[in-house]
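*Asks:* Take this structure first; my questions come after.
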Amino acid sequence: MLVFGFLLLCSIKTKGETKVNCSMIGLPEYALLSKDGDIIIGGAFSIHNKPYYKISLSLSLSLALFLSLSLSLSLNLREFRFAQTMIFAIEEINSKASLLPNISIGYQIFDSCGSTLASMRSSMALINGQELTAEHICSGKTAVKAIIGESESSSTIVLSRATGPFRIPVISHFATCACLSNRKQFPSFFRTIPSDFYQSRALAQLVKHFRWTWVGAVRSDNDYGNNGMATFVEVAEREGVCIEYSEAISRTNSKEKIAKVVEVIKKGTAKVLVAFLAQGEMDVLLEEIIRQNVTGLQWVGSESWITARYLATKIVSKVLGGAVGFTISKSKIPGLREFLLKVNPSQNPSNFCNGSENLSNMSNEFTDVSELRISNNVYKAVYAIAYALHNTLACKTSKGAPENKGTCGTKDLIVMHSLQNVNFTMASGETIYFDQNGDPTARYELVNWQKNGAGETTFITVGHYDASLPSEQQFVMNSINIVWAGDSHTKPSSVCSESCRPGFRQAVIKGRPVCCFECLRCPSGEISSTTDSAECIKCPLEHWSNENHSMCVLKKVEFLSFEENMGILLTAFSLTGVSLTIAVALMFYHFIDTPLVKASNAELSFLLLFSLSLCFLCSLTFIGQPTEWSCMLRHTAFGITFALCMSCVLARTIAVVMAFKATVPGTSVPQCTLPLQRVSVFCCTFFQVIICTLWLVLAPPIPYKNITHSLDTIILECDLGSAIGFWAVLGYIGLLSVLCFVLAFLARKLPDNFNEAKFITFSLLIFCAVWITFIPAYVSSPGKFTVAVEIFAILASSFGLLFCIFTPKCYIILLKPEQNTRKHIMGKTHNKSQ
């Protein structure tokens, strides 16, 4: 048996350039580890990174040892541990009496050297059971019943395609490409590591969780990297994450090509780099990253390298410190470390080592069993094959049905169907089974590169991802604090544009990814209450945006109130008018026996003063918050009181005309005028009452919230209910006033000592002028000013009637009492009659 354990443990003391390939260090090309047994299991591992490599040893020994992470001797200690773990598991099974009793398992393990060509040659050798030479002819019978391998997806694809027609199951411990789940292309493929179908989605959720919307990406230019990154980009973009750049590299690329990729990374503005890389590509990329001193990036890694212990050196930790990524759960394999420490070199003349070295004193990736993740996958794969073989030899399937009768109980058997149905529990308590695509349940740990107290890099579990759970429960963070890039405890921000605060929305910049945007303030009446809102939301009808446009608030309610200055002023004018009217009435009552009051028709004068008081008071119903009763009262009271007022004025005008046209000379009382005045006042007023009653019954005025006139204000007003009713009331008042004006105008040239028609004419001119100008002002005034205009018209016309009709009388009564005589009032008239 050939073994490799000591190959990396020998010191390199030569200088110059050493060529290393699979034929050196005492190993034949595509070296083989083998052991005979009743049933043979094959293995394929990339124990050497490349079939041929050149290493410059002109550097110091310490730097040369650092370069061993990618270059030194091209020997991969991690892969060698995988191979030895497979041997350990086989030896452990062979020692058990409960599993495959009286059956010994042998193995044939080949080194594919990280090459798809070498992988093809290995698969042919495993299938044929011959030495790796082209001269041998295929025997027609497979030498192995199952194969464990490979670590890389591209090599595994080659291996699976080659073994598929022979129905030889391939169980990979590390190949994660989602493409391998295609049962039509890979009918005999199984794996003990989850598919990248889940890892890529987990990485996308991770990036979204930390709100990194602007990331860079680099991938292996092979099936593993291309398929995994394609899925990540698809899911990430669906989650609102943008990819600034996506570069692909291969371990066989020239240094110039790798340097160009690093230049892209260096010039990028993204602070987060998602590295979907196999170990070989990660090695060559890190070499150039360190050479160009690219630091400060937050690395998000795939499972292939995120827990690779050989990367956790001081120099690499300056670059990868704080990295996060998903990996499978770690486990413990009792007895493995002791087994690894007992590995001895083969008796090969060209071996550098002499066999006397002590592995127990070494600390490297081969002997380190503290992070058994992928090694545990190899361990589980061997046991899965063993249980499948056990069930097949026992002529049982998972459901207890008999196996193929032609091979049942013999060594010439096919285990693929049993492997598909295998279901067992490991000593650790983990249940092993495969789904219809040959995949295990996808469960990951989120690990974070942190330094312990000794300054050594450790992989700390900070979260979990379980694809078997509902989507909202799949990704869970632990309470452990994460250390970020540069060993910082502050989470880095990686965005193309800074977040838009509440009150703003994102506006995509033409020609740029959707993650690059401008922040535009929401227009009036619209809000955004969260950060990075894509759209602004319109506020409900009775709400408006606040000053910051971050929330909707109730609109300002506007109506003419008694508390505001305009309301106070109009109320004062109204009460002043009432006071003056009452004062005039009291004065008239005090001088009721004087000739002037008698000549003015005291009954009509008091009725007119009463109606003017009501006109002044009805203006108060227009002030205050509109209610159902106030809306009905304000317009009907206005209509009826003004109709009463105009009726009185009309009766007085008629009385004046009749007094000078139809009186008996020497007398002052017209014949039959009092009953006619009362009837005319009653009839004219009653007609207005009928109009108002019909208005209230058919379509009464009601309170109304006007939200259309002003964007940020609700105007409380009274809806007319029926515009016809309103204009009918107003038109009737106008008709009475026009009739009064015509009669007063015709009587303006009557005797001048006391010709009331002149004053009535002037008052009606004011009245008509006020209400004619009221119409356009009323229609065009906004909000509460509409009500103010109406109140002003009422007060102005009322004051006009009060002053024009009663001021001359009050002047004579108070200031010219000598003229308040029957002789003076009737003098001119009497002379003319004589």
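Cβ coordinates are placed from backbone N, Cα and C, and glycine is handled just like the others.
A TrEMBL annotation is a machine prediction, not a hand-curated record.
According to TrEMBL, the record shows the following:
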- 1-16: signal peptide (SIGNAL)
- 566-829: domain 'G-protein coupled receptors family 3 profile' (DOMAIN)
- 566-592: transmembrane segment (TRANSMEM)
- 604-624: transmembrane segment (TRANSMEM)
- 636-660: transmembrane segment (TRANSMEM)
- 681-704: transmembrane segment (TRANSMEM)
- 724-747: transmembrane segment (TRANSMEM)
- 759-779: transmembrane segment (TRANSMEM)
- 791-814: transmembrane segment (TRANSMEM)
*Asks:* Counting Cβ pairs closer than 8 Å, which of 566-592, 604-624, 681-704, 724-747, 791-814 has the most of them with the transmembrane segment (759-779)?
*Replies:* 791-814
*Asks:* Please indicate, using numbers and ranges, the residues of the same chain that are 6 or more beyond the transmembrane segment (681-704) and have a C-beta under 8 Å from a C-beta there.
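*Replies:* Answer is 604, 607, 626-628, 631-632, 634-636, 639-640, 643-644, 646-648, 650-651, 716-722, 725-726, 728-729, 732-733, 736.
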*Asks:* Six or more residues beyond either end and a Cβ under 8 Å away: which residues meet both conditions relative to the transmembrane segment (791-814)?
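*Replies:* Same-chain residues near the transmembrane segment (791-814) but 6 or more away: 560, 570, 573-574, 577, 580-581, 584, 587-588, 591, 594, 596-597, 600, 605, 608-609, 612, 615-616, 618-619, 622-623, 638, 642, 645, 649, 652, 756, 759-760, 762-763, 766-767, 770-771, 774, 778, 820.
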*Asks:* Which stretch, 566-592, 604-624, 636-660, tops the Cβ pairs under 8 Å count with the transmembrane segment (724-747)?
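*Replies:* Looking only at 566-592, 604-624, 636-660, the most contacts with the transmembrane segment (724-747) come from 636-660.
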